[in-house]
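Contents: one structure, followed by commentary.
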Amino acid sequence: MTTAFYPGSFDPMTNGHLDVLVQALNVASKVIVAIGIHPGKTPLFSFDERAGLIRRSLSESLPQRAGDIAVVAFDNLVVDAARQHGASLLVRGLRDGTDLDYEMQMAGMNRQMAPDIQTLFLPAGTASRPITATLVRQIAAMGGNVSAFVPGPVFQALQAKHKA
């Protein structure tokens with residue numbers, strides 16, 4: 001049984017994240033979606049909100065695999081958190097060459113610190129390549145329609161957040 005660790009801020013989860021998660025489930029029997037907690041950052045959604053949105057999005061999009069996915073928080077090194085959760089794979093999504101350059105550096109450092117944990121790069125699908133959580137937050141804050149970029153529960157939460 002292979003466990004994959006999929007770290008990110010997921011603020012909010014996008015269709016791009018969901019695309020990578022579906023691919024990861026084709027490789028690993030269990031995927032841990034790991035929300036990074038950074039004390040110096042102020043996310044739009046709290047950890048509990050992000051975890052709930054991810055769980056609701058997954059129950060709608062992947063109901064048959066719900067038992068194969070866990071959502072956790074981490075505030076330490078990715079490789080240490082992955083090891084704590086019994087993961088042997090780190091999942092990283094790639095949208096373009098810029099992502100690849102950055103992720104290759106990170107993979108190299110992670111391999112030095114944890115040679116037992118492999119990094120798995122998964123390319124974003126064509127439709128999700130331009131999507132970033134930052135752009136989704138900005139568009140939603142300006143009243144734009146982001147329904148094509150995020151799962152339904154996330155869209156509803158963004159609408160509620162920006163009407164408040």
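Placement of Cβ uses the backbone N, Cα and C atoms for every residue, glycine included.
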Swiss-Prot annotation, substrate site containing S9, K41, V78 - matching residue among R55, R65, R92: R92
Of H17, K41, R92 (the binding-site residues), the residue whose Cβ has the fewest other Cβ atoms within 10 Å: K41
C-alpha spacing of K41 (substrate binding site) relative to I131 (ATP binding site), in angstrom: 21
Number of other Cβ atoms within 10 Å of the Cβ of R129 (ATP binding site) across all protein chains: 16
Inter-residue C-alpha distance, K41 (substrate binding site) and L94 (ATP binding site) (nearest angstrom): 23
